[in-house]
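Undergrad: Let me give you the structure first, and then I'll get to my questions.
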Amino acid sequence: DLRQCTRNAPGSTWGRCCLNPMCGNFCCPRSGCTCAYNWRRGIYCSC
């Protein structure tokens, strides 16, 4: 359901939605990804 999806953060195309996990300011490429953190800040998706 698109209403449930997370808005992509600034820097992405406005109006796009993220159906996958968000990591920091970006959208992970697949639903099974987890976010790797550095000092509590999301730095990259681990897929």
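Every residue gets a Cβ built from N, Cα and C, even glycine.
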Undergrad: For C47, which disulfide partner does Swiss-Prot record out of C33, C35?
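TA: Partner cysteine, according to Swiss-Prot: C33.
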Undergrad: C27 pairs with which of C17, C18, C35 in a disulfide, per Swiss-Prot?
TA: C18
Undergrad: Choose one of C17, C45: the cysteine that Swiss-Prot connects to C28 by a disulfide bond.
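TA: Here Swiss-Prot pairs C28 with C45 via a disulfide bond.
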Undergrad: How far is it from C27 (disulfide bond) to C35 (disulfide bond), counting Cα to Cα, in Å?
TA: 10
Undergrad: Around C45 (disulfide bond), which of the listed recorded positions (C18, C23, P29, C33, C35) come within 10 Å, judging by Cα atoms?
TA: C23, P29, C33, C35
Undergrad: At the level of the C-alpha atoms, what whole-angstrom distance separates C47 (disulfide bond) and P29 (hydroxyproline)?
TA: 8
Undergrad: Between the recorded positions C18, P21, C23, which lies closest to C33 (disulfide bond), Cα to Cα?
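TA: Answer for the nearest of the recorded positions: P21.
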Undergrad: Only counting partners 6 or more residues apart, tell me which same-chain residues put their Cβ under 8 Å from the Cβ of C35 (disulfide bond).
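TA: Non-local contacts for C35 (disulfide bond): P21, M22, C23, G24, C28, G42, Y44, C45, S46.
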